[in-house]
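So that you can see what the record holds, here are the features copied from Swiss-Prot:
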- 43-63: transmembrane segment (TRANSMEM)
- 97-117: transmembrane segment (TRANSMEM)
- 144-164: transmembrane segment (TRANSMEM)
- 168-188: transmembrane segment (TRANSMEM)
- 201-221: transmembrane segment (TRANSMEM)
- 226-246: transmembrane segment (TRANSMEM)
- 289-309: transmembrane segment (TRANSMEM)
- 334-354: transmembrane segment (TRANSMEM)
- 390-410: transmembrane segment (TRANSMEM)
- 414-434: transmembrane segment (TRANSMEM)
Amino acid sequence: MTLEKNKDSFTNIIDLSLINKEQKVTFTPTKEIYTELLKKRLLTIALLVFIIKIGMAIPLPYIDQTKLLNNATSMFDLSGPGLAAVSARASQKIGLFTLGITPSINASIILQLAFVINPNLKKLQREEGESGRRKLIKYTRYLTLLLAITQSVFLIFSLRAFIFEWSILKLFELSCVLSSGAMIILWISECITKTGITNGSSFLIFLNIVSVLPEQIGMSFKNLDIFSFEGLIVILTFSITVWAAIFLQQTLYIIPLKNPKLGQNELTKKLVEDSLYLPFRLNQAGVMPVVFASYLIPILKTGGIYILLKINSFNLFPFLIKFPEVVNQSLESIVEAGLICLFALFYSGLIIDPKDVADELQKSGFFIFAIRPGEKTRNYLEKIFKELSLIGALILAFNVVLLNLVGFVFNLSIFKGFSIGSQIILLGVVTEILQKVQALVLNDVYKRIRDRNK
């Protein structure tokens with residue numbers, strides 16, 4: 001994280017209210033505000049989404065889709081915890097794009113974890129600039145292909161009962177088709193990112209959540225009276241978790257910066273100092289802690305059941321295997337909350353290294369008021385960063401536990417598909433799109449004004 005990147009991401013977003021009266025008169029019509037460049041980018045994204053829909057509608061050959069649909073009440077969770085472009089849960093069909101963005105997401109996670117183990121990768125990410133970034137993209141693509149092939153083989157092998165005349169050759173063919181679909185999704189994701197409107201991977205996850213949300217809401221509230229006590233509890237829970245998602249996503253801790261070389265007079269100095277700050281989010285790790293915990297909980301649960309069955313076979317603690325469901329759910333929620341806190345603290349450390357930030361500040365000639373550059377700055381940033389990460393982790397964990405318990409008590413499936421992670425993704429993507437569109441519009445407005453005044 002460099003100072004310039006930090007500063008640009010927040011100071012370049014200008015509010016439309018800053019346009020003066022003359023500019024508003026000139027560019028009032030809506031058709032003028034939505035510029036040609038913006039229209040092209042939005043149309044590009046719409047076309048790419050249409051391609052995804054077509055790909056999902058193309059069924060895989062050799063598979064008895066009718067038989068598969070009849071046995072799909074407990075469909076394979078192909079996308080992990082909601083991380084696919086459009087999952088099989090939404091389409092109820094095994095199609096070309098069934099794997100979605102999952103292999104790419106998993107590849108990115110694995111590479112980020114590898115940065116901790118391999119210092120050369122960390123150096124490649126931080127010090128080699130554009131060439132290093134291109135190498136990392138290439139590594140991500142290779143790893144995505146490897147994961148897509150692996151996931152395809154396991155998926156097709158698990159569906160062998162629904163495949164006409166099962167053979168190893170058909171396993172190879174279908175795996176190639178699914179892997180190709182995953183790589184096409186990766187290409188679409190990169191194309192969406194290049195439009196500058198939003199991050200491609202996040203947008204595809206956003207599409208997945210939105211595609212299944214209406215059905216989940218309808219099923220969950222079908223037998224629930226929203227004016228009853230249970231309905232009020234559900235509405236209150238939604239309000240709390242949505243507020244928490246907004247708070248985690250939008251709250252910034254601002255550290256003002258000083259630079260003695262900038263600003264020669266009082267007015268210039270004041271303007272410069274007001275625009276210099278180091279922003280830290282409460283939730284630097286985003287939804288990754290929830291994703292990690294979602295992957296790990298089923299493994300721990302399966303292992304725990306196996307151990308309990310082994311213990312029960314010796315009749316040592318027979319009461320353990322007869323725990324009521326509410327106790328099991330409570331223990332699972334507590335373990336998940338603990339894992340989320342651990343992963344949030346760990347993953348936040350991967351995203352921002354206070355030592356690197358302190359070094360970058362010192363090289364750029366910036367310092368924090370009343371804090372000496374170097375070691376003192378690093379210690380101060382570490383302290384602030386740990387406190388913010390802990391607060392964000394606790395809020396994240398509390399909301400996950402709250403949604404799990406309320407969903408379990410009132411038997412609401414919507415809380416599984418509309419978790420705090422989903423809310424953060426939805427809010428983050430919508431906010432990013434609005435900010436990027438606003439910035440593009442203002443950039444074009446000021447460009448026209450500048451050209452007109454020449």
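Cβ coordinates are placed from backbone N, Cα and C, and glycine is handled just like the others.
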Worksheet item: Does the transmembrane segment (390-410) make contact with the transmembrane segment (97-117) through 3 or more Cβ pairs under 8 Å, each pair 6 or more apart in sequence?
Response: no
Worksheet item: Are the transmembrane segment (226-246) and the transmembrane segment (97-117) near each other by the rule of at least 3 C-beta pairs under 8 angstroms (pairs 6 or more apart)?
Response: no
Discussion item. Using Cβ atoms and a strict cutoff of less than 8 Å, what residues sit near the transmembrane segment (43-63) while being 6 or more residues removed from its termini?
Written reply: 85-86, 91, 93-98, 159, 162-165, 170, 173-174, 177-178, 181, 184-185, 188, 191-192, 195, 197, 203-204, 207
